[in-house]
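S.K.: Have a look at the structure that comes next, please.
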């Protein structure tokens, strides 16, 4: 199936969030599906989801649990380009970091669905030699990968469930800074990225996912389904090249 052509013309129907104030700069028009999205760097944030050793490094939780992360290196490079462009444009960069306390109290016990469905917890129960290794705060698995170290001005928001908005400071952090638009990257497309993006939609944020700056757990069909969900029901879908050309054309 061919990819629909991107329309880059800003019209009265282009979602643009809050009305433009007198004297405010014109928004950047990000080519996207199903229609272009008008964004200001000043009221937008780049959300980098769970770029941790657990999800993107060999020997981390996801690799140890049997998921294919061979495509993660390409995703890492694309996210790094996106972060550089966002910083050039003066856009807020927010890193989400998934995990629990070393005693796993935050993970929930048998009374929590998370205890039963988390593949990290299930893998550790099945392989006792791995107990305490996965997603424990302070451990290597929990750390952000070397290519994604936050810089001054970036924000790191810890989270304990798939959605970055659940029981976290993410919503208040964004609203305090007047953020209305969110640009999503990270791992895994169909789990924490999509969960957080769906909650963003419910909280009245305009959300766009850069499809080539995300990586799924489960195969190409899963990625395709998640992209379909986002562009059809919850937000917009664009690419790293289009984002960089829109916000940091000198580096494109």
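Cβ atoms are placed via backbone N, Cα and C, with glycine included.
Keep in mind it's a predicted model, so treat the numbers as computed, not measured.
Swiss-Prot feature annotations, pasted as is:
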COMPBIAS  1-14  compositional bias 'Polar residues'
REGION    1-31  region 'Disordered'
COMPBIAS  15-27  compositional bias 'Low complexity'
ACT_SITE  50  active site, proton acceptor
ACT_SITE  159  active site
ACT_SITE  192  active site, nucleophile
S.K.: Please list residues from the chain of residue 159 (active site) whose Cβ is under 8 angstroms from its Cβ, counting only those at least six apart in sequence.
M.R.: 96, 97, 98, 166, 167, 168, 170
S.K.: Under 8 Å Cβ-Cβ from the residue listed as 'active site, proton acceptor', six or more apart in the same chain: what's there?
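M.R.: In sequence order, the residues whose Cβ lies under 8 Å from that of the residue listed as 'active site, proton acceptor' (at least 6 apart) are 96, 97, 98, 186, 187, 188, 192.
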S.K.: Over all shown protein chains, what is the count of other CB atoms within 10 A of the CB belonging to residue 192 (active site, nucleophile)?
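M.R.: So the Cβ neighbour count for residue 192 (active site, nucleophile) comes to 23.
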S.K.: When DSSP states are folded down to helix, strand and coil, where does residue 159 (active site) land?
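M.R.: Note: residue 159 (active site) is in a strand by DSSP.
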